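As written in TrEMBL, here are the features:
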type	residues	note
BINDING	B:H48, B:C84, B:H87, B:M90	Cu cation binding site
DOMAIN	B:17-96	domain 'Blue (type 1) copper'
Amino acid sequence: MTNYYDSDDGASAGDAGRPDTEHGMNRRQLLRHAGWFGGAVVLTVAGGEVISHIADSRDTNAAAAAGDGAAGSGALRFVQVSDSHIGFRGPANLDVVGSFTEAINQVNSLGFRPDFVMHSGDLTHLSTAGQFDQVKQLMTAMKTDRIFTVPGEHDSIGDAGRAYRRTFGMGTLGDGWYSFDTHGVHFIALVNTLSLEKLGHLGNEQIDFVRRDIAGLSSDTPIVVFSHIPLFAMYPQWGWSTDDALKVIALLRRFSSVTCLNGHVHQLFTKTDGNITFHSATTTAYPLPKPGRGPAPTPQVVPARQLKSALGIRSVGYRQGDRELAIKDQRLA
Amino acid sequence: MSPSGTGAPAAPVARNAVAIKNFAFTPATLKVKVGTTVTWTNQDGDSHTVTSAGAGGPLHSAAMATHDTYSYTFTKPGTYAYLCTIHPFMTATVEVT
């Protein structure tokens, strides 16, 4: 387990100048996650990559353009992949292992080493032990220091997520939720695929966790929330919503910048609601129809060339002091 | 399999069978007498479950692959709502009298 999450090349962090963090993670969080990461939390400095999507970032862009290790002193870059559905067999994608492997290769070819990769759920198609083993094994090929996950409903079939947590839940709280801090950003990973009835559901225990988790944070701390099912009402008729998400949204209203990243819907979609921006990611497995297009959200069979353009990965950049995260979605090349 | 009649909505072919097809349970409402064994058959290419809605319900199949079946004998009258946990927009009920 330790080796799985740890970096295999131990690059230096280069962020010693920041007083209140240790390798970008505050001490409380570091301690909480020490077991999870084997204590070897190392944030890699990715040099030479210009982050061009950050709003209002004249100075920071210049710093990033300067390249070298110094560029990494404030920059965070992570990747979101989603809905790999390892174990799916059907005409919508005859080789989900192949397309997920391509996505991993694309992550490894971004030109920078992401600080972490988040898989936002539906890692497997049917929650079998073999599928969990396979997806975990596949992800070890990702060149990153840490891999995070949240479960999808396909990862919690029939056992309320127990098999998922055996494979990916080490160090998490409750039914698999957790939080962490890095590069001045507070990350919260939520589980909304248990107690599933039509819509996603968080439950009071988890909502209380969020309340306590953010209580001590200053309102200018950027917040990123991961969940599998959208926390906004993207299309409730197909279950693309979370019935008690507004309780969490209400807790997040006081923060100046909140970014919610989800999977589940197998297509890109963005919605802004005041201080909160929601971004649905696409999949590495198979497309689903646009909301309401068709009788049900069933796997869509498209010509092979179109399939690749429906699949993809997402990279996210953030430089300390900026308000917004820069989100870049790329098709599977 | 499909009824050849036209006009009125099709009645279920068998009174104790539910087809899982095109990501829907058919019929969406099945009416049976106490003691009936109902059998669900997955005719889709994707997997589904038959799972009681809410806690404590009696229906909980494993993930059913194509052509898999799941059966349950209803011994008490009542309305049994269920869904597919993998695709929870798929909902249906069995009414037992």
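Quick reminder: no glycine exception, Cβ is built from N, Cα and C everywhere.
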**Q.** Chain-internal residues, separated by at least six, CB under 8 A from B:C84 (Cu cation binding site)
**A.** B:I20, B:F23, B:F25, B:H48, B:T49, B:V50, B:T51, B:M90
Q: Give me the non-local Cβ neighbours of B:H87 (Cu cation binding site): same chain, 6+ apart in sequence, Cβ-Cβ under 8 Å, ordered along the sequence.
A: B:F23, B:D46, B:H48
Q. Given the recorded Cu cation site (B:H48, B:C84, B:H87, B:M90), which additional residues of the same chain have their Cβ within 8 Å of the Cβ centre, ordered by sequence?
A. B:I20, B:F23, B:F25, B:T49, B:L83, B:T85, B:I86, B:P88, B:F89
Q.
Please give me the CB contact count at 10 A for B:H48 (Cu cation binding site), counting all chains in the structure.
A. 27
Q) For B:M90 (Cu cation binding site), what is the tally of other C-beta atoms lying within 10 angstroms of its C-beta? A) 23
Q | Helix, strand and coil counts within the domain 'Blue (type 1) copper' (B:17-96) (DSSP) | A | 0 helix, 40 strand, 40 coil
